[in-house]
Each structure stands twice: as structure tokens, then as C-alpha cells.
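What follows is a single structure, written as C-alpha cells, with notes after it.
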Amino acid sequence: MILYSKHIILEDREFDGFLELQGGKIKGLHSAWDGPYRDFGDQVILPGFIDIHIHGWATGSFWFEKTAGAVGEMCRTLPYAGVTSFLATSGADTIPEIKRCIAAADEAYEAEYPGAELLGVHLEGPFINPQYRGMQREECCIAPSLEMMEELYGSFRHPQLCRHMTIAVEREGAGEVLAFCRSHGIQTAVGHSAATFEEIRRMREYGIGGFTHTFSGMRGFHHREPGVAGAALYFDDMMCEFAKQTGMTVSHEAFDIAYRIKGSGRIILTTDCSGLAQTQTEFDHYVRKMKFVKDGDRLRIDHYDGRQEWVNPRDYEAVKELELSYAGSVQNMARHTRVDWQDIMRMTSLNPARYIHVDDRKGSIEPGKDADLTILDQDLNLVCVYCRGREIGNEMCSQ
């Protein structure tokens with residue numbers, strides 16, 4: 001299969017030419033081609049978006065449902081949002097519930113669902129600080145424990161799926177857990193944390209890689225105590241992960257400040273979507289000022305102003321607008337921050353691939369890597385997606 005575009009975004013430049021795909025891989029790049037090809041013209045071919053912090057999307061929620069089928073739904077529908085691979089993300093639940101998530105990830109990995117590829121699991125908790133729990137369950141925010149970390153890791157049938165953990169590094173026991181993660185190739189990030197700047201400086205010796213949903217769920221910046229937020233900006237070898245750019249959780253100006261300091265080489269865009277329609281009881285979204293309630297086989301949405309509405313939680317068209325998609329977040333970010341295509345490529349693909357150690361096959365357009373592609377028009381509207389060489393057409397992306 002041959003694709004042509006004037007704008008193929010490579011790691012170090014923009015290429016006008018032909019991209020050859022074969023067997024689910026990128027075979028080569030050519031300045032000329034004598035044969036049939038698909039012409040994308042001015043549309044932009046990027047390496048596929050990688051979401052390393054997503055609990056659920058639309059018709060499937062790893063966090064709420066804790067089933068392989070829910071992960072399969074995420075695999076099926078995430079390409080409609082421009083995502084070609086992801087980390088299924090758990091929350092601060094009870095240990096048995098987290099183990100159910102792990103079992104679901106193992107089963108989904110073995111099922112090899114088509115669509116976006118499950119790269120592994122991001123354990124967002126349970127070792128977080130209840131003071132900055134956000135929407136996590138307070139009773140499930142527990143102190144870090146090496147014994148518990150070993151138990152969770154041992155629950156994976158496929159331990160390579162345990163790729164990332166968010167942890168409050170100031171809590172007693174964090175050092176032992178961080179050391180375990182480092183020795184097992186698990187990326188770690190500070191999140192849901194009340195740590196001081198000096199605590200983070202001290203804990204960096206354990207190889208912490210970055211910060212989860214930067215500025216949100218962490219000690220803020222003060223001129224005498226820079227806190228977690230200040231550390232995120234200060235340490236230029238650490239990544240700042242940002243949740244979807246709605247402008248609600250983190251203002252556009254706050255993101256732009258981080259961008260001006262860190263640059264596109266140290267920012268990772270994620271969504272932190274939950275799959276709100278799949279709540280199994282009820283979920284109070286205080287930022288959105290609405291509560292999502294399971295009402296038989298329907299989802300009831302109770303707005304804080306007293307309005308109510310009902311939707312079918314398995315109807316993609318009905319639930320896709322409940323959360324901003326990855327592609328929508330990228331588009332929104334670009335409206336408020338001066339970025340070019342190279343910047344977008346780094347924040348959406350190259351950086352996350354390097355961060356979770358899959359850049360040997362993901363994250364950039366080069367021969368030998370997976371043929372994961374996200375194609376946008378010049379206004380950043382999604383055109384189509386290729387997941388390991390299989391096209392998800394524009395009629396789906398327009399959904």
C-alpha cells in the first residue's frame with residue numbers, strides 16, 4: 001500500500017513524498033513512485049496518537065466495567081478519536097477491584113482485539129494522597145507498600161503489560177515501590193500528590209519520569225514553596241502529562257505557560273477520559289457539574305441545575321460527546337497554543353512512545369515501525385486512521 005502526502009511528519013522534518021506500508025509495518029519512504037497510490041494531498045500524515053492515560057472511552061470503560069469486553073470496545077472505538085494505541089488506566093479502587101482490571105487487561109491482550117492496540121496498563125493508584133484524590137475514592141487511597149506492589153505485579157499473567165504507575169512520592173513507603181518499579185521497567189509519575197519541591201528533588205534518585213495530569217491533583221505553585229506544580233516545570237528531564245484540553249480542568253493559559261517552559265519535547269497529551277456512560281452505579285463529575293447514574297439499561301444524567309436526560313450507554317453516537325476526544329483535544333490545544341506539526345507529533349506520539357518504552361515500534365514514521373498513522377486536514381479535523389496498516393475510514397472518523 002502506498003500513501004502520498006505533501007506533509008508526512010517525520011521525527012526531524014516534514015517530508016513531501018510517498019509512504020509504503022506492508023504487513024502492518026512501515027516499509028519505506030520514497031521521493032517518487034511509479035505505480036498506484038492513495039493521494040492525501042495537503043492532508044497531514046502523523047504517527048498514530050498514543051493515549052497513556054485513559055480509563056475508558058464512549059462505549060467501553062476499563063475502570064468502571066473491569067472486563068476484557070470493555071477494553072475491546074475501547075480498541076474498536078478509539079481510532080474514531082485518532083488514537084492508535086493506549087494504556088488502559090485503572091483508578092484508586094480496592095485491591096480486589098484493581099486485580100479485576102489486571103485480569104481484564106490480560107484477557108484483552110490475549111484476545112488481540114482489532115483497532116487501537118492495548119499497550120499495557122497505567123496503575124493510577126492506589127498509592128496516592130487522599131488530600132489530592134480528585135475523583136478517586138478516598139477510602140482506596142492507601143500508603144505505598146512494597147508487599148502490595150509485588151502482589152499487584154504478580155497478578156499479571158503478562159507482566160510486560162504493567163507499564164506505568166502514578167504515585168504520591170511523599171508518602172511513607174514510596175521509595176521502595178519506586179525502586180521496585182525501576183527495576184522492573186515500569187515508568188513512574190508523581191500524581192495526586194501533596195509533595196513539596198524538596199521531596200520531589202530527593203525522590204528523583206528513584207528514576208521518576210514525570211507528572212500525571214500536570215497542575216491537577218497536586219500541590220500548587222507558591223513563590224516560597226514551588227510544590228509539585230513548580231517541580232513539574234523546573235526539572236527539564238521530566239515529562240509533563242496533561243489531560244484533555246477542555247480549558248476546564250487546566251486553563252488554556254496554564255497549559256501555554258507549561259508549553260513555553262517545557263517545550264513540546266517534554267509534554268505528553270492524554271485524555272484521562274473515563275467512559276462516563278459506563279458507570280456501574282453513579283459518578284459525580286463536579287467539574288462538569290453533572291452526575292452520571294446507571295438507571296437500568298440506560299444512563300441518566302443529572303445536571304446540577306436540576307435538568308435530567310437519558311441516553312443509551314451502548315449507542316456510540318449518543319455518548320461520544322460526553323467527553324472531549326483525543327483528536328478534539330489536540331485541535332482545541334492548537335487553537336490556544338502556538339504549535340506546529342512537529343510539536344503536535346512529539347506531544348501525541350513520539351514522547352509517549354519513549355516514555356513507556358515502546359519507541360522501538362511506535363511513536364514515529366520510519367521503516368520497521370508499526371504502520372500506525374493518524375491523518376488530519378489542515379484544520380486538524382480527523383480524516384482517517386491506520387492501525388498497524390489497517391485503515392479506519394473517514395466515514396468512521398467523522399463519527
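Backbone N, Cα and C atoms are what each Cβ position is placed from, and that goes for glycine too.
Quick caveat, the model's predicted, so the values are computed rather than measured.
Annotation source TrEMBL lists domain 'Amidohydrolase-related' at 44-390.
Around the Cβ of Glu124 (Zn(2+) binding site), the same chain contributes His53, His55, Thr89, Ser90, Gly91, Ala92, Gln136, Met165, Thr166, Gly191, His192, Thr212, each under 8 angstroms and 6 or more positions distant in sequence. Residues or ranges marked as Zn(2+) binding site in TrEMBL: Glu124, His192, His213.
Reduced to three states, the DSSP call for Asp272 (active site, proton donor/acceptor) is coil. Within 10 Å of the C-beta of Asp272 (active site, proton donor/acceptor) we count 23 further C-beta atoms, all protein chains included. The annotation active site, proton donor/acceptor is assigned in TrEMBL to Asp272.
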For this session: Counting Cβ neighbours within 10 Å across all chains shown, tell me which of the binding-site residues His192, His213 comes out on top.
Result: His192
